[in-house]
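A.B. asks: What follows is a single structure, and I will ask about it in a moment.
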Amino acid sequence: MQELLNNIVAELALETERGKVADYIPQLAHVDPHQFAISLATVDGQRYSAGCATTPFSIQSISKVFTLTIALGKWGDGLWSQVGREPSGDPFNSIVQLEHEGGKPRNPFINAGAIAIVDAIMMGHEPKETLAEILSFVRYIADDNSICFDHQVAASEMQHKDRNASLAHFMKAFGRLRHDVDKVLGTYFHQCAIAMSCDQLAHAGLFLASDGVNQPSNLRVVSPQRARRINSLMMMCGHYDASGEFAFRVGLPGKSGVGGGILAIAPGRGSLAVWSPGLDKYGNSLLGTRALEMFVQHTGWSVFGH
Ligand SMILES: NC(=O)CC[C@H](N)C(=O)O
(Lines of atoms letter the chains of each structure in order from A and count residues from 1; the text may use other names and numbers.)
(Lines give C-alpha, C1' and ligand atoms only; values in the text may rest on other atoms or scores of the structure.)
Protein backbone atom coordinates (compact mmCIF):
# COMPACT_ATOMS: atom_id res chain seq x y z
CA MET A 1 0.00 0.00 0.00
CA GLN A 2 2.79 2.41 0.94
CA GLU A 3 4.49 1.70 -2.35
CA LEU A 4 1.30 2.44 -4.26
CA LEU A 5 0.91 5.82 -2.54
CA ASN A 6 4.58 6.65 -3.22
CA ASN A 7 4.10 5.76 -6.88
CA ILE A 8 1.01 7.93 -7.18
CA VAL A 9 2.89 10.88 -5.68
CA ALA A 10 5.91 10.31 -7.93
CA GLU A 11 3.79 10.00 -11.07
CA LEU A 12 1.66 13.06 -10.40
CA ALA A 13 4.70 15.17 -9.46
CA LEU A 14 5.64 15.07 -13.15
CA GLU A 15 2.28 16.46 -14.21
CA THR A 16 2.43 20.00 -15.60
CA GLU A 17 -1.33 20.45 -16.06
CA ARG A 18 -2.36 20.88 -12.42
CA GLY A 19 -5.65 22.81 -12.66
CA LYS A 20 -6.34 26.25 -11.29
CA VAL A 21 -6.40 27.23 -7.61
CA ALA A 22 -9.63 28.81 -6.39
CA ASP A 23 -9.23 32.57 -6.59
CA TYR A 24 -12.74 33.72 -5.75
CA ILE A 25 -11.60 33.32 -2.15
CA PRO A 26 -8.43 35.50 -2.43
CA GLN A 27 -6.73 33.83 0.53
CA LEU A 28 -6.83 30.49 -1.32
CA ALA A 29 -5.24 32.00 -4.44
CA HIS A 30 -1.90 32.20 -2.58
CA VAL A 31 -1.62 28.43 -2.15
CA ASP A 32 1.23 26.73 -4.02
CA PRO A 33 -0.36 24.40 -6.62
CA HIS A 34 2.62 22.05 -6.56
CA GLN A 35 1.81 20.64 -3.16
CA PHE A 36 0.34 17.16 -3.15
CA ALA A 37 -0.60 14.66 -0.46
CA ILE A 38 -2.45 11.39 -0.06
CA SER A 39 -3.32 9.53 3.15
CA LEU A 40 -5.08 6.28 3.83
CA ALA A 41 -6.45 5.16 7.18
CA THR A 42 -7.75 1.59 7.16
CA VAL A 43 -10.49 0.15 9.35
CA ASP A 44 -7.99 -2.33 10.79
CA GLY A 45 -5.78 0.46 12.08
CA GLN A 46 -3.13 0.87 9.39
CA ARG A 47 -1.98 4.35 8.35
CA TYR A 48 -0.22 5.18 5.11
CA SER A 49 0.63 8.52 3.59
CA ALA A 50 2.81 10.12 0.95
CA GLY A 51 3.61 13.70 -0.07
CA CYS A 52 2.98 16.59 2.32
CA ALA A 53 0.39 14.67 4.33
CA THR A 54 0.88 16.65 7.53
CA THR A 55 0.47 20.08 5.89
CA PRO A 56 -2.87 21.66 6.85
CA PHE A 57 -5.06 23.06 4.06
CA SER A 58 -8.50 24.62 3.89
CA ILE A 59 -10.99 21.74 3.86
CA GLN A 60 -13.80 23.99 2.53
CA SER A 61 -16.78 21.90 1.39
CA ILE A 62 -15.43 18.68 2.87
CA SER A 63 -16.64 20.20 6.16
CA LYS A 64 -20.19 19.73 4.86
CA VAL A 65 -19.89 16.01 5.58
CA PHE A 66 -19.18 16.78 9.23
CA THR A 67 -21.94 19.37 9.63
CA LEU A 68 -24.42 17.03 7.96
CA THR A 69 -23.46 14.37 10.51
CA ILE A 70 -24.02 16.82 13.38
CA ALA A 71 -27.34 18.03 11.94
CA LEU A 72 -28.62 14.45 11.53
CA GLY A 73 -27.71 13.87 15.17
CA LYS A 74 -29.95 16.78 16.18
CA TRP A 75 -32.85 16.37 13.77
CA GLY A 76 -32.81 12.75 12.64
CA ASP A 77 -35.07 12.25 9.63
CA GLY A 78 -36.71 15.62 10.39
CA LEU A 79 -33.73 17.14 8.60
CA TRP A 80 -35.07 15.99 5.24
CA SER A 81 -37.99 18.42 5.36
CA GLN A 82 -35.37 21.20 5.38
CA VAL A 83 -32.96 19.95 2.76
CA GLY A 84 -33.33 17.38 -0.03
CA ARG A 85 -31.18 14.41 -0.90
CA GLU A 86 -31.08 14.40 -4.68
CA PRO A 87 -28.15 15.33 -6.90
CA SER A 88 -28.52 18.84 -8.27
CA GLY A 89 -26.70 18.53 -11.57
CA ASP A 90 -25.79 22.19 -11.08
CA PRO A 91 -22.64 23.95 -9.85
CA PHE A 92 -22.03 24.15 -6.09
CA ASN A 93 -22.99 27.82 -5.86
CA SER A 94 -26.01 27.72 -8.19
CA ILE A 95 -29.25 29.48 -7.24
CA VAL A 96 -31.55 28.35 -10.08
CA GLN A 97 -33.25 25.37 -8.44
CA LEU A 98 -34.02 27.28 -5.26
CA GLU A 99 -36.69 29.37 -6.92
CA HIS A 100 -38.49 26.44 -8.50
CA GLU A 101 -38.30 24.36 -5.35
CA GLY A 102 -39.62 26.76 -2.74
CA GLY A 103 -36.19 27.64 -1.34
CA LYS A 104 -35.48 24.05 -0.30
CA PRO A 105 -31.94 23.10 -1.36
CA ARG A 106 -31.55 19.90 -3.34
CA ASN A 107 -28.95 18.34 -1.05
CA PRO A 108 -26.68 19.12 1.94
CA PHE A 109 -23.50 19.44 -0.15
CA ILE A 110 -24.30 22.30 -2.52
CA ASN A 111 -23.69 25.66 -0.84
CA ALA A 112 -27.40 26.42 -0.34
CA GLY A 113 -27.84 23.04 1.34
CA ALA A 114 -24.84 23.49 3.59
CA ILE A 115 -26.07 26.95 4.62
CA ALA A 116 -29.46 25.41 5.51
CA ILE A 117 -27.65 22.69 7.47
CA VAL A 118 -25.66 25.17 9.53
CA ASP A 119 -28.89 27.05 10.26
CA ALA A 120 -30.38 23.75 11.42
CA ILE A 121 -27.43 23.11 13.74
CA MET A 122 -27.53 26.59 15.35
CA MET A 123 -30.86 26.05 17.15
CA GLY A 124 -30.92 29.53 18.64
CA HIS A 125 -27.25 29.53 19.59
CA GLU A 126 -24.71 32.18 18.69
CA PRO A 127 -22.17 31.48 15.90
CA LYS A 128 -19.39 31.16 18.49
CA GLU A 129 -21.19 28.35 20.30
CA THR A 130 -22.09 26.55 17.08
CA LEU A 131 -18.52 26.82 15.84
CA ALA A 132 -17.20 25.42 19.09
CA GLU A 133 -19.55 22.47 18.65
CA ILE A 134 -18.46 21.87 15.04
CA LEU A 135 -14.78 22.13 15.91
CA SER A 136 -15.03 19.81 18.88
CA PHE A 137 -16.83 17.23 16.75
CA VAL A 138 -14.12 17.39 14.08
CA ARG A 139 -11.39 17.17 16.72
CA TYR A 140 -13.13 14.18 18.25
CA ILE A 141 -13.46 12.17 15.03
CA ALA A 142 -9.91 13.06 13.99
CA ASP A 143 -8.67 12.39 17.52
CA ASP A 144 -6.61 15.56 17.29
CA ASN A 145 -7.14 18.68 19.38
CA SER A 146 -4.73 20.77 17.35
CA ILE A 147 -7.26 21.25 14.50
CA CYS A 148 -8.29 24.90 14.15
CA PHE A 149 -10.08 27.43 11.98
CA ASP A 150 -8.02 29.49 9.58
CA HIS A 151 -9.50 32.88 10.44
CA GLN A 152 -7.83 34.59 7.49
CA VAL A 153 -9.56 32.28 5.05
CA ALA A 154 -12.90 32.84 6.80
CA ALA A 155 -12.42 36.61 6.70
CA SER A 156 -11.43 36.46 3.04
CA GLU A 157 -14.58 34.57 2.19
CA MET A 158 -16.68 36.95 4.26
CA GLN A 159 -15.33 39.86 2.23
CA HIS A 160 -16.40 38.13 -0.98
CA LYS A 161 -19.64 36.73 0.29
CA ASP A 162 -22.04 38.09 -2.33
CA ARG A 163 -22.87 34.80 -3.98
CA ASN A 164 -23.41 32.85 -0.77
CA ALA A 165 -25.22 35.81 0.77
CA SER A 166 -27.62 35.75 -2.19
CA LEU A 167 -28.35 32.08 -1.60
CA ALA A 168 -28.93 32.69 2.10
CA HIS A 169 -31.19 35.73 1.61
CA PHE A 170 -33.16 33.88 -1.02
CA MET A 171 -33.77 30.98 1.36
CA LYS A 172 -34.59 33.40 4.17
CA ALA A 173 -37.22 35.01 1.90
CA PHE A 174 -38.85 31.59 1.56
CA GLY A 175 -38.89 31.27 5.34
CA ARG A 176 -36.26 28.55 5.18
CA LEU A 177 -33.67 30.04 7.56
CA ARG A 178 -34.45 30.59 11.24
CA HIS A 179 -31.44 32.70 12.13
CA ASP A 180 -30.02 36.02 11.06
CA VAL A 181 -28.43 35.66 7.61
CA ASP A 182 -25.09 37.22 8.60
CA LYS A 183 -24.76 34.94 11.61
CA VAL A 184 -25.50 31.88 9.51
CA LEU A 185 -23.00 32.97 6.87
CA GLY A 186 -20.29 33.78 9.39
CA THR A 187 -20.69 30.30 10.86
CA TYR A 188 -20.69 28.68 7.42
CA PHE A 189 -17.51 30.50 6.32
CA HIS A 190 -15.67 29.44 9.46
CA GLN A 191 -16.78 25.85 9.08
CA CYS A 192 -15.36 25.89 5.53
CA ALA A 193 -12.15 27.48 6.85
CA ILE A 194 -11.23 24.57 9.09
CA ALA A 195 -7.63 23.65 8.29
CA MET A 196 -6.66 19.98 8.29
CA SER A 197 -3.94 17.80 6.84
CA CYS A 198 -4.59 14.69 4.75
CA ASP A 199 -3.52 12.54 7.71
CA GLN A 200 -6.08 14.23 9.96
CA LEU A 201 -8.82 14.11 7.33
CA ALA A 202 -8.36 10.41 6.54
CA HIS A 203 -8.62 9.69 10.25
CA ALA A 204 -11.74 11.86 10.59
CA GLY A 205 -13.50 9.99 7.78
CA LEU A 206 -12.83 6.56 9.19
CA PHE A 207 -16.18 6.24 10.98
CA LEU A 208 -17.88 6.34 7.59
CA ALA A 209 -15.78 3.40 6.41
CA SER A 210 -16.48 1.30 9.49
CA ASP A 211 -20.27 1.32 9.89
CA GLY A 212 -20.26 4.48 11.99
CA VAL A 213 -17.64 3.46 14.56
CA ASN A 214 -14.66 5.73 15.14
CA GLN A 215 -11.29 4.00 14.99
CA PRO A 216 -9.11 3.19 16.82
CA SER A 217 -11.16 4.40 19.81
CA ASN A 218 -13.98 2.02 18.90
CA LEU A 219 -16.57 4.65 19.89
CA ARG A 220 -19.76 4.82 17.87
CA VAL A 221 -20.26 8.15 16.05
CA VAL A 222 -23.40 7.25 14.08
CA SER A 223 -25.48 4.14 13.45
CA PRO A 224 -24.50 1.84 10.56
CA GLN A 225 -27.60 2.99 8.69
CA ARG A 226 -26.63 6.64 9.05
CA ALA A 227 -23.07 6.00 7.90
CA ARG A 228 -24.43 4.18 4.86
CA ARG A 229 -26.79 7.05 4.06
CA ILE A 230 -24.10 9.72 4.41
CA ASN A 231 -21.93 7.66 2.06
CA SER A 232 -24.77 7.47 -0.46
CA LEU A 233 -25.14 11.26 -0.38
CA MET A 234 -21.40 11.67 -0.89
CA MET A 235 -21.58 9.36 -3.87
CA MET A 236 -24.55 11.10 -5.47
CA CYS A 237 -23.89 14.73 -4.56
CA GLY A 238 -20.34 15.08 -3.20
CA HIS A 239 -18.87 16.49 -6.43
CA TYR A 240 -21.85 18.65 -7.50
CA ASP A 241 -22.44 18.54 -11.24
CA ALA A 242 -19.43 16.25 -11.64
CA SER A 243 -20.70 13.63 -9.16
CA GLY A 244 -21.57 11.26 -12.00
CA GLU A 245 -18.10 11.67 -13.45
CA PHE A 246 -16.47 10.99 -10.08
CA ALA A 247 -18.60 7.85 -9.60
CA PHE A 248 -17.68 6.73 -13.10
CA ARG A 249 -13.95 7.26 -12.65
CA VAL A 250 -13.43 6.50 -8.95
CA GLY A 251 -16.56 4.74 -7.73
CA LEU A 252 -16.26 5.73 -4.08
CA PRO A 253 -18.38 8.07 -1.96
CA GLY A 254 -16.38 11.29 -2.04
CA LYS A 255 -16.56 14.91 -1.00
CA SER A 256 -14.45 17.62 -2.54
CA GLY A 257 -13.62 21.15 -1.45
CA VAL A 258 -12.33 24.18 -3.34
CA GLY A 259 -9.19 24.05 -1.19
CA GLY A 260 -8.26 21.09 -3.42
CA GLY A 261 -8.97 18.32 -0.93
CA ILE A 262 -11.11 15.22 -1.44
CA LEU A 263 -12.26 12.78 1.23
CA ALA A 264 -13.18 9.39 -0.22
CA ILE A 265 -14.64 6.45 1.68
CA ALA A 266 -14.09 2.80 0.84
CA PRO A 267 -16.75 1.15 3.03
CA GLY A 268 -15.39 -1.69 5.11
CA ARG A 269 -11.86 -0.85 4.01
CA GLY A 270 -10.68 2.63 4.78
CA SER A 271 -10.81 6.36 4.42
CA LEU A 272 -8.68 8.26 1.90
CA ALA A 273 -7.76 11.92 1.81
CA VAL A 274 -6.01 13.60 -1.11
CA TRP A 275 -4.93 17.18 -1.61
CA SER A 276 -3.82 18.99 -4.73
CA PRO A 277 -4.89 22.66 -4.79
CA GLY A 278 -5.46 22.98 -8.56
CA LEU A 279 -9.12 22.56 -9.53
CA ASP A 280 -10.98 21.48 -12.66
CA LYS A 281 -13.80 23.57 -14.10
CA TYR A 282 -16.30 22.06 -11.63
CA GLY A 283 -14.24 23.20 -8.64
CA ASN A 284 -12.97 19.70 -7.81
CA SER A 285 -9.27 18.84 -7.39
CA LEU A 286 -7.88 17.88 -10.80
CA LEU A 287 -4.99 15.71 -9.65
CA GLY A 288 -6.77 14.63 -6.48
CA THR A 289 -9.39 12.92 -8.63
CA ARG A 290 -6.67 11.40 -10.79
CA ALA A 291 -4.89 10.07 -7.70
CA LEU A 292 -8.05 8.40 -6.44
CA GLU A 293 -8.71 6.95 -9.86
CA MET A 294 -5.21 5.44 -9.88
CA PHE A 295 -5.64 4.15 -6.34
CA VAL A 296 -8.91 2.41 -7.14
CA GLN A 297 -7.56 0.94 -10.35
CA HIS A 298 -4.74 -0.71 -8.41
CA THR A 299 -6.69 -1.84 -5.38
CA GLY A 300 -10.08 -2.66 -6.89
CA TRP A 301 -11.69 -0.84 -3.96
CA SER A 302 -14.46 0.82 -5.97
CA VAL A 303 -17.88 0.01 -4.50
CA PHE A 304 -18.88 -1.08 -8.01
CA GLY A 305 -16.32 -3.91 -8.11
CA HIS A 306 -13.09 -4.31 -10.05
N1 LIG B 1 -17.01 23.84 -3.16
C2 LIG B 1 -16.57 24.45 -2.09
O3 LIG B 1 -15.65 24.01 -1.43
C4 LIG B 1 -17.22 25.77 -1.80
C5 LIG B 1 -17.04 26.22 -0.38
C6 LIG B 1 -16.81 27.68 -0.26
N7 LIG B 1 -16.60 28.01 1.12
C8 LIG B 1 -17.97 28.47 -0.81
O9 LIG B 1 -18.89 28.66 -0.10
O10 LIG B 1 -17.97 28.92 -1.92
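Each residue, glycine too, has its Cβ placed from N, Cα and C.
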A.B. asks: The substrate site in TrEMBL includes Ser61, Glu157, Asn164, Tyr188, Tyr240, Val258. Which of Asn111, Asn145, Asn214, Asn218 is also listed there?
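C.D. replies: Only hit among Asn111, Asn145, Asn214, Asn218 in TrEMBL's substrate site, alongside Ser61, Glu157, Asn164, Tyr188, Tyr240, Val258: Asn111.
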A.B. asks: For a quick check of understanding: among the binding-site residues Ser61, Asn111, which residue's Cβ has the most other Cβ atoms within 10 Å?
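C.D. replies: Most Cβ neighbours within 10 Å: Ser61.
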A.B. asks: DSSP three-state call for Ser61 (substrate binding site): helix, strand or coil?
C.D. replies: helix
A.B. asks: Among the binding-site residues Glu157, Tyr188, Tyr240, which residue has the largest number of other Cβ atoms within 10 Å of its own Cβ?
C.D. replies: Tyr188
A.B. asks: Excluding near sequence neighbours, so keeping only residues 6 or more apart in the same chain, what lies with its CB under 8 A of Asn164 (substrate binding site)?
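C.D. replies: For Asn164 (substrate binding site), the qualifying residues are Asn93, Asn111, Ile115, Glu157, Leu185, Tyr188, Phe189.
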